[in-house]
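Written out below as structure tokens is the structure these notes cover.
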Amino acid sequence: MIISAASDYRAAAEARLPPFLFHYMDGGAYAEHTLRRNVSDLADIALRQRVLRNMSDLSLSTELFGETLAMPVALAPVGLTGMYARRGEVQAARAAAARGIPFTLSTVSVCPIEEVAPAIDRPMWFQLYVLKDRGFMRNALERAKAAGVTTLVFTVDMPTPGARYRDAHSGMSGPNAPLRRMLQAMTHPRWAWDVGLLGKPHDLGNISTYRGSPTGLQDYIGWLAANFDPSISWKDLEWIREFWTGPMVIKGILDPEDARDAVRFGADGIVVSNHGGRQLDGVLSSARALPAIADAVKGELKILADSGIRSGLDVVRMLALGADAVLLGRAFVYALAAGGQAGVENLLTLIEREMRVAMILTGTHSVAEISGDALSRVTREAAVVP
């Protein structure tokens with residue numbers, strides 16, 4: 001298969017993975033309207049082409065939370081990444097480090113913090129949910145500190161799990177799910193050998209370390225459902241701000257008022273995100289939500305965005321809408337499933353090249369120059385940019 005874009009990696013991942021894993025990563029909540037709009041709304045954004053601008057001094061590098069990034073991209077926290085490739089979190093982290101960008105480890109990763117951090121030569125980020133088990137949260141924060149994690153990403157848009165109908169059809173959940181998953185693995189022998197057998201253990205490493213016993217895929221949904229806390233508020237995060245002295249980013253912001261609350265709380269950054277369309281179907285795409293949020297808080301904290309980003313062109317679009325950087329989620333998991341560390345490195349190379357082309361043809365010499373001026377007048381006046 002010729003690989004020239006993230007869509008090619010998606011097709012390769014679907015061919016390699018058992019359906020329950022592919023659709024768990026690929027799917028969204030309910031009828032998946034928001035999932036689709038995340039992509040289509042970005043595609044609808046027209047850029048303003050400029051020519052004869054002498055683009056010989058182009059630079060993609062940027063500063064974020066005291067770190068120098070080769071481009072304004074970080075790998076997003078994605079649960080169960082270690083089920084998509086053998087010790088997948090380690091492979092993805094190495095790919096990110098090789099391309100000079102941060103990797104964010106999920107709370108519900110297969111590989112624990114202590115396995116991933118020593119595998120790379122740059123600090124990583126760590127994502128944490130707000131859970132009922134505050135002892136787990138404190139333990140995770142202590143371990144993150146000990147491992148040299150620099151930036152903490154708090155996901156706040158999961159006080160309850162989303163309803164993902166596709167999971168019931170694919171075998172991730174629903175009747176006879178364990179049997180269906182086993183049968184699917186048998187019909188995908190390459191994955192079964194490389195990941196299913198050689199990729200063990202398949203525990204949720206960060207949780208198993210805390211509980212002192214394996215917490216595998218069978219326990220995943222139940223443990224999370226029991227620990228998500230619908231009572232959380234900004235006040236509940238105050239002890240975390242006192243405990244964690246490094247940069248802290250609040251992930252899951254879609255409303256300008258919530259963004260202002262994040263500023264008042266003292267967050268160093270936010271992620272404009274609808275969880276990749278996996279939580280509440282029918283909410284705004286990140287691309288539609290971003291401009292109003294940028295108008296409200298730009299300059300008071302760093303603004304990151306995710307959901308729907310599939311190319312370097314999409315990265316430029318998000319920056320033009322007001323983001324300082326983006327998180328890349330599904331796209332890197334497609335590449336990881338299809339080609340491991342090399343696949344992720346190649347995807348990041350493609351994104352960098354696409355960014356360069358877009359910046360040259362919009363006349364923007366640096367990441368700092370990318371602004372609303374890079375958008376066409378038609379786009380600025382259209383409903384896609386509120």
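Note that Cβ sites are derived from N, Cα and C of the backbone, with glycine treated the same way.
Database features (Swiss-Prot):
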- HIS275: active site, proton acceptor (ACT_SITE)
- TYR24, TYR129, ARG164, ARG278: substrate binding site (BINDING)
- SER106, GLN127, THR155, LYS251, 306-330: FMN binding site (BINDING)
- 1-380: domain 'FMN hydroxy acid dehydrogenase' (DOMAIN)
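Shown here: features listed in Swiss-Prot, placed on the structure.
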residue : record                       : CB count, 10 Å
SER106  : FMN binding site             : 23
ARG164  : substrate binding site       : 22
HIS275  : active site, proton acceptor : 24
ASP306  : FMN binding site             : 26
ARG310  : FMN binding site             : 23
ASP314  : FMN binding site             : 26
MET318  : FMN binding site             : 30
GLY322  : FMN binding site             : 22
VAL326  : FMN binding site             : 28
ARG330  : FMN binding site             : 26
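Following the DSSP three-state reduction, the secondary structure of HIS275 (active site, proton acceptor) is helix. For the binding-site residues TYR129, ARG164, ARG278, a Cα-Cα cutoff of 10 angstroms around SER106 (FMN binding site) retains TYR129. Classification of MET318 (FMN binding site) by DSSP places it within a helix. Of all residue pairs in the substrate-binding list (TYR24, TYR129, ARG164, ARG278), the one with the greatest Cα separation is 19 Å apart. The two recorded residues ARG164 (substrate binding site) and ARG310 (FMN binding site) have their Cα atoms spaced 22 Å from each other.
The shortest Cα-Cα distance from ASP306 (FMN binding site) to any of the recorded positions (TYR24, HIS275, ARG278) is found for HIS275.
Per-residue pLDDT, averaged across the domain 'FMN hydroxy acid dehydrogenase' (1-380), gives 94. Under the DSSP three-state reduction, ARG164 (substrate binding site) is assigned to coil, being neither helix nor strand.
Within the set of binding-site residues ARG310, MET318, GLY322, VAL326, ARG330, the entry lying nearest in space to ARG278 (substrate binding site) is ARG330 (CA atoms).
For TYR24 (substrate binding site), the nearest of the recorded positions by C-alpha distance turns out to be ARG330; the candidates were HIS275, ARG310, ASP314, VAL326, ARG330.
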